[in-house]
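Below is one structure, written out as structure tokens; comments come after it.
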Amino acid sequence: MPNASSWSASSPLLLLWEDSSGTRIFLSLLYAVLAISGTLSNVMVIYLVFSFKKLQTTSNAFIVNGCAADLSVCALWMPQEAVLGLLPPNSSSLRSAEYRLLRGGLLGLGLTVSLASHLLVAFNRYVLITKLPSVYQALYQRRHTGCMIGLSWALALLPVPLLPGLWTLGSAQSDGRSRYTALLLALAVLGQTALLLHCYLGIVRRVRGSAKRVSVLNFHLLHQLPFPAAPPPPRRAQRRLSSVSVLLLCCVFLLGTQPLVWVSLLGFFLRPAPPALQAASWLLLCSLSALNPLLYTWRSEEFRRAARSVLPRGEGPAAALRPAAT
């Protein structure tokens, strides 16, 4: 059984090592499923937002930004992992430093912008719910929104040269580059998670403390403007449903990000985690790229109507976003 160092050096996948051909095939199939489903769902969300004017809101602009970043992972990186997992471990194509840099760059760029988009969406909704409308309108002008999106991509390009260090995550290299790269990644994700939780918990506190503003959350915190298809539920039930939606959103995000954070911290301060645990934590993080479109749109009646209009037996674009009769 190879040790952690040989696992990092000879892995056909960027993050996984297995000596069993059956397991390697299973992981390749898993990557293929995530790649197909993630690509389709991200493309669908982008298409719907650009096709329907009612969906072209500030909050959805940040969601589209995240979907574009997730396509870097689902449409460009995951298919390569699925194919490379079927190749022999000693394949010459796997040892090219340039190719490894390309794959690491695609993964790093996509995940960084995707995580930044999570935070932009959370902060947008926090300002919308907890601040005065004049504050929201001043902060989220079209120019400011574009600058926020551009900044998320610009900042994501800075750590791309560090991504090759993740190839040796958990190895005992003398220079310790991989350990410091993993620590930097863990601290960045941990800080982003703290800010995201602060925003959503602030929204929940605001909802519970002000019955007058609870009608704003008829969209269950998953899209920007209320567009109900039925009479709104009682305020108490509405507050409870909104809180559940926020809790579910936070739980899925924590499940996808925190295992990698603590595995990385464990490897830096104590000892490297087992390769299987490292692989599982990375796979959870990467799977968020396929789940994000559903995470932000599954409770949106506007998105559901728009999706039904473009799927077979749809209602048609005109009827898709027409308010239902009450």
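Using N, Cα and C of the backbone, Cβ positions are placed for all residues, glycine too.
Feature annotations, courtesy of TrEMBL:
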type	residues	note
TRANSMEM	25-50	transmembrane segment
DOMAIN	41-296	domain 'G-protein coupled receptors family 1 profile'
TRANSMEM	62-80	transmembrane segment
TRANSMEM	100-123	transmembrane segment
TRANSMEM	144-162	transmembrane segment
TRANSMEM	182-203	transmembrane segment
TRANSMEM	244-270	transmembrane segment
TRANSMEM	276-298	transmembrane segment
Proximity verdict for the transmembrane segment (62-80) and the transmembrane segment (276-298), three or more C-beta pairs under 8 Å: yes
Candidate ranges 25-50, 182-203, 276-298 - greatest C-beta contact count to the transmembrane segment (100-123) (under 8 angstroms): 182-203
Contacting positions for the transmembrane segment (276-298) when only residues 6+ beyond its ends and CB under 8 Å are counted: 15-17, 30, 34-35, 37-38, 41-42, 44-45, 63, 66-67, 69-70, 73-74, 77-78, 107, 110-111, 114, 118, 121, 169-170, 222-223, 249, 252-253, 255-257, 259-260, 263, 267, 304
